[in-house]
Every structure is written in C-alpha cells, then in structure tokens.
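According to TrEMBL, the signal peptide annotation covers 1-21. As annotated by TrEMBL, repeat 'PPR' applies to 92-126, 193-228, 295-329. TrEMBL lists 521-609 with the feature domain 'DYW'.
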Amino acid sequence: MLAGQHKSLALGLALLPLSQRLPQTHLSPKNDFVQKLQNIENLGGVISIHGRLLKHGLLGDTFISNHLLNAYLKFHRIENARLVFDEIPQPNVVSFTSLMAGFVGHQRAREALVLFGRMPVDEIMPNEFTFATAVNACSVLAHVEAGRQVHALVQTFGLGRNLVITSSLVDMYGKSNETNDARRVFDEMPDRNIISWSSMISAYAQNARGHEALELFCELLKDNRLLPNQFTYASVLNACASLGRLVAGKASHAAVIRRLPQMNEVVASALLDMYAKCGLINYSCTVFRQMETPSVIPYTAMIVGAAKHGLGRFSLELFEEMTRRGIRPNDVTFIGVLHACSHSGLVDFGIDHLNSMRERYNVVPDARHYTCVVDMLGRAGRLDEAYRLASNILVENGNDIALLWGSLLSASRTHGRLDLAVEAGNRLIEANQQVTAAYVTMSNTYAVVGNWENVHGLRTEMKKRGLQKEPGCSWVEIRSTTYVFYAGDISLCPRGAEVMHVLKELELRMRERGYTGRKGGTGMVFVDVEEEAKEAILGLHSERLALGFALVSMANGVTIRVMKNLRMCEDCHVAFKLISDIVGRDLVVRDLNRFHHFRDGSCSCVDYW
C-alpha cells in the first residue's frame, strides 16, 4: 500500500504545473485571531476561539485554520486537529505537514504516510519539512522500505543535500538497523549540524557498533564550531555502556558536568545505565538519587540495572517507591521487575507482579514478559510449569521465539532435563532461530547424561550444515585501552608467558583449597556451557586469560572488571570465587546475562544464576 502511495505521489507531483511548485505568499487580515491562537495557554481557549471562528465564517480561511489545527496539536488533541483539517476547503502544504507531524507525535505514523500519499490528489507540493516528517514516520515504524521510497522522492526533487531531510534520513536508517546506509547519507552531506552528528553516533550506539560511535564522537570534538548536546552525550554514554568502557564513560560524565549547565533526564538515565553496565551499581544509585523528580524512565533504568547485579529485592523496593509516588510503570518497567525476580529466585513475587500488570496498571503482558516468567520458573527448577507456559504463549516474532525457547533450553540443560532440552532445541531449529546455539546446548545436555552417540550425531549434523559456534571472548579495560582475549588462544594474549605463569600458580593454590576443576570427566566442567570449544582447557577460557592479564598489569587492590560475550561457565565461576580470596581483591564479571561480584571467596549471585 505504501509503495503504491509513493509512486502516486511521485507521478502526481511530477505533473503539477510549475506555478503550483512556487512558494505562495498568504496574507490575512485576521491577525487578531491568529495572534490569540499563537499565544493560547489552555485547551478551553482553543475551543472558544474555534467557536468564534465558526460563528464568523472564517474556517474557510486556510491560514487561520492552520493555526487552529496547530493549536489543537499543542494540547495533544489529534482528533480535533484532524476534524479541522478535513473542513479546510483548500489545505496547503502547511496543513498537510502539520497534521502529519501530529500523527507521528501521537504514534500514528502509518496515518502520517497515508496523508503524505494523498498530497498529489490535492495537487500540493511537499516541502523539506514535509519530507522530513515522512522520513520520521518511517523511522517510528522502522519501515525501511517505505523510507527508501521517500528517500528516492527526495532525490527526485533535488533535496538530497538538504540538511533537515538528510539528518532525518540518518536517524531513520539508524533506527531501522541499516547503519551503513545511515553512514552513506552522513558522508554525502555537504554540511552537518549537531543533530546530524548525534543521529549518526546514536545509529552506531543502537546497533552494537559502540567503537565506531566513540570514534565518530572523537571526530566531532575536533570541530570547534559544534558543541555536543544532551542527546549526543546520551548516545556516547550508551556506547560506553554496551562496550563496558568505564574510563570513557567517566570521561564523558566529566564532560557533561563541564559543558552542560543543566543535565536533563535523558542524560541522567544514560549515565546511571552506563555505570550499571560497567559494574558500578553504587555510582548508578548516586546519579539516580541526585535527580529531584525522576520519571518512569530513570526508575526503570535503575530497576533493570539493579536486576542485572542480582539485587532483586532492591529492584522491588524501587518499584514500590515509584508507585507510591504516583508514577505509573510501563511495559519495560515490568520486564525489569520480572528479570529481578528471575535472577534472585523470587518466583512468587514475580508471578504476583505478572498478575498485577493488567489488573492494577492496565499494562498488557506480551511475549517478553512471559519469557521472563519462563526463565524465572526454569531457573528455580520448575521446568514443567515453564514448559506449559511456553507452549501456551502465542509468539510470532523470530527474536521473541529465540528468547522464549532459548530460556527454556538453557534451564533444561542446567537441570539435566534432556526431554525438555530436545523439545526446546527442536523448536528453535524449526523456527530457524539460534540454530547453532540450539545444537550446541542439546549436545551439551546429551553429554551431561552420558549419551555420547547423540553428542557426536549432533556435532556431525552441525558440520554438514556449516554451523560454527560463537567463540568465547572477554575483554578488560586498563588505562583507557581495551584488551581482548579469545578462548584457548594464548598467541594473541599480551604478556602471554607471564599470564600463563600466574594462572598456573593460581591453579595450584586453588587445588590446595579443594578445587577439582578439569577432573572427573562427565560433569558440566567438560561441557562447553558457554559454547567455547570442548578441546580448549578450562584454564584457557577467555575470562581467565583476561583475569590473568589484569593481575599482571594492574596495581594491587584495584578492582578487576572483565566483560564477556557469553555465559560464564560453572567451573570458571568456582575458580573466580577462590581467586578473589587468594589474591584479596574484588573481581567483577559481566557475562551475557548478568553481573557477578566476587569478593572473599563468594559471589553476589549466591550461586543462583
């Protein structure tokens, strides 16, 4: 439908007389009404003026009606604005663009595109703001194909170098996960403002390309004509958060304090999220408590951050505090609450909160919330309940399918439920989601119960299909430099000989304390829980290499923070607990699911993870 509308628009506009394409000058003697509409302070006043205009027969004046339409939009009365538009005898480009922008602002972007497609019918020539609004509608819908069609129209009408439109295009492509297209538009811009720079940095940060976001930010700082704004810093902080770049995050925080006279909620929320994802949840709390009147967004960020650190009861306390202050939770808030309950074993609390969503807060649970509950039940060993719930959830989106059945598959492996692991794995394979992980985890589960024939059968099938496991990867940041380590690969490890010496010494001291890792033969120790190669000895798992390097590179007493792309394996978890006591320092590991804070031989997860 959208494609047809845009083809119609292109054809209709191409046939417009040249005189219709030229800007028109609208003069109106009704300045009194216009001035009142521009300065109106409440909805009642708008309705009153609307009545007077109707009485005086002035609603046929397009200029006045446009101001009335915008006055209704100012007070979020989109339907009233729509009625005014429908009564305009000859709506112009301002009429169309204003209502389109109103639709986009009220999450009715599809209606904005329908209105855009109607413009040639009324022989209205779009301007740069019309095109930018149409692009924004595509961005809200994440409808990249419609966005490309609008982009083509922009080029057709010679506006491909317009700053307003191209900035919107960068944002649209970024939000549609088409980062390379966003960069292409960005690079072709003859001039850039802070909005276009911020949009491109945000596109990288939102699409797991944090390194490029930080590189582009450094390039921006070289241009003394432009100053980063609140949204620029928020995107940079998001990039630091995704990468676990604490040093860069702290430097950005310092820049915010120096350069921004007043920090808004967007930046504050990004700050507390960054500190939480870099392992400093206490810093997050400090930023949060400095906010005078936090809204649902920072509350939600704080709840999610505390949940990732295993502070389930603190997350629930924040939720209760938020509701006592009259702040209504949204769907993302409940994902954080359920996640907190899942990682802290608070199953009954989690189920109560799920039931309260619709009843108390009018928030309809969707596949994401039910997936959290499946994960929560699975971690608690209540696998039959988890399976029944997963089987009854209507899930169509591929990513939702992956999360739902992936959660059950992981829990089934942990608790040795071969039947459910096979069922969940087959569901993923049938849906063509996380296929490699499904094969690997099913293989691991067969290995746990000693069914080596099926282990080899699954591995053979993987080779036939050309499936390769994601390599285990960990990294540490030392004096603003990031060092990356891969499982079993000592050749790429800086100071490799020193690292191996330290790890061997630590293993001897761990064995003196009863550590038995790599002994036995059929337990979870020998299964590649984190999808690292079975042949790679556990002493060379990526997080241990990162830890060894940090121990030889960082001063005594400094907390060591390791980031990891996969789930930490059980044996490494045991080892890190012992090592924290042996070396007498705090160790923090961020794996795929959560944070582990190791201190004095214990972990913050209390071995529930």
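Just so you know, the numbers here start at 1 and follow the chain as drawn.
Glycine is treated like the rest: Cβ placed from N, Cα and C.
Helix, strand and coil residue tallies for the repeat 'PPR' (295-329), in that order: 26 helix, 0 strand, 9 coil [DSSP]. For the repeat 'PPR' (92-126), the DSSP-based tally of helix, strand and coil residues reads 27 helix, 0 strand, 8 coil. With a threshold of 8 Å between CB atoms, the same-chain residues lying at least 6 positions outside the repeat 'PPR' (295-329) that come near it are 265-266, 268-269, 272-273, 275-277, 281, 284-285, 288, 335-337, 339-341, 343-346, 349, 353, 361, 363, 594-595, 597, 604-606, 609.
In terms of DSSP helix, strand and coil, the repeat 'PPR' (193-228) has 25 helix, 0 strand, 11 coil. As a whole-number mean, the pLDDT of the repeat 'PPR' (193-228) in this prediction is 93.
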